Amino acid sequence: MTQSTSEGKLAPPPADAAADLSAHPRFIHLRRTLSGLGVPGWIGLAIVLVWIAAAIAGPLAGDGASASTDNVQIFAGASAHHLLGTDYLGRDMLDRVMMGARYTVGLALIATLLASGVGTALALLAIVGGPKLDAVMSRTLDTLTAIPSKMFALIMVAAFGSSTVMLTATAAIIYLPGAYRIARSLAVNIHAMDYVAVARTRGEGTAYIMLQEILPNILSPMLADLGLRFVYVVLLLASLSFLGLGIQPPDADWGSLVRENLDGLAEGALAVIAPALAIASLTIAVNLVIDNLPGGARKASRDARRQAKLNEQFNASRRAQIAATTDGEAR
């Protein structure tokens, strides 16, 4: 707590204020998480932070250079002026890769947060809201799951265009059912615990049970699943851009950088290899981080994923049996 001096100035806070802050449970949990990553986890985290920094700084630092063309320097090799060479228009590939990080990392992160956030919220509502609401939500999202992700993305892009908003929304919709199933599988077990029943007996409302009793206990495995889902979204957006259905010129993400330079692979291989390596390094780095999360977060997420898949297979088998029984009675 600050104190006044005789000159009317505020004295600095006590020396133990920083110690009190570092003793906060959130900081303790963060320290344990970071200290438990290990060397592979730290390497992955460093690579992820580098690409996040590139996504933020790329548009600020390299916009002019990445837009300037040079017909003499088309598919030039690496040099002091162009560390990653140039592309099919003579533009600096390092600037292009940094600019592409804005879309690859940014759109994938937004889509992943939307899919995991909305999916988790719907799962909590389904579990707390009762079996009828659970059945309606589960069957509705199962319908989305039945459509192949690439086919759904192609339909959405063909119908509504390939704007950044539409690409983000499409990726979020595709991976929302998966996040819902994982969160529901985790929440079912937590909802059956005694302390949740005690909270209901105390008269706690639905929102309290969702946010205070269930969510904190599924947060760690859901964060691990979020990282894995982020990798899926990156690969989906890159594949759409490679097919010419993603980010459109003059903007570019890493997938479109591979596509637009593919014709010059023989003479300017670095223009294709650089964005491809960027995609690979980001996805591998995220996997290194989530594989080394302490506390068994990845294992819990994997177990929940397996349980969700078993539940889906059981429900499909049950629906098939009901359909066969109904068909037999009709005959």
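Using the three backbone atoms N, Cα and C, a Cβ is placed for every residue, glycine included.
Look at TrEMBL and you will find 39-61 (among others) tagged as transmembrane segment. Same-chain residues lying 6 or more positions outside the transmembrane segment (39-61) and placing a CB less than 8 Å from one of its CB atoms are 95, 97-102, 104-106, 278, 281-282, 284-289, 291-293.
The feature domain 'ABC transmembrane type-1' is assigned by TrEMBL to 101-290.
The transmembrane segment annotation in TrEMBL covers 103-131 (among others).
Non-local neighbours of the transmembrane segment (151-176) in the same chain are 103, 107-108, 110-112, 114-115, 118-119, 122, 141, 144, 229, 232-233, 236-237, 240, 245-248; each lies 6+ residues outside the stretch with a CB under 8 Å from one of its CB atoms. The transmembrane segment annotation in TrEMBL covers 151-176 (among others).
The transmembrane segment annotation in TrEMBL covers 230-248 (among others).
According to TrEMBL, the transmembrane segment annotation covers 268-290 (among others). Away from its own ends, the transmembrane segment (268-290) comes close to residues 37, 40-41, 43-48, 51, 74-78, 84-88, 93-94, 96-97, 100-101, 104-105, 224, 227-228, 230-231, 234-235, 238, 254-255, 257-258, 261-262, 297-298 of its chain (Cβ-Cβ under 8 Å, at least six residues beyond either end).
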Original post:
Who are the chain neighbours of the transmembrane segment (230-248) in space, where the CB to CB distance is under 8 Å and they lie at least 6 residues beyond its ends?
Top reply: 103-105, 107-109, 111-112, 115, 149-150, 153-154, 157, 162, 164, 167, 171, 174-175, 254-256, 258-259, 279, 282-283, 286-287
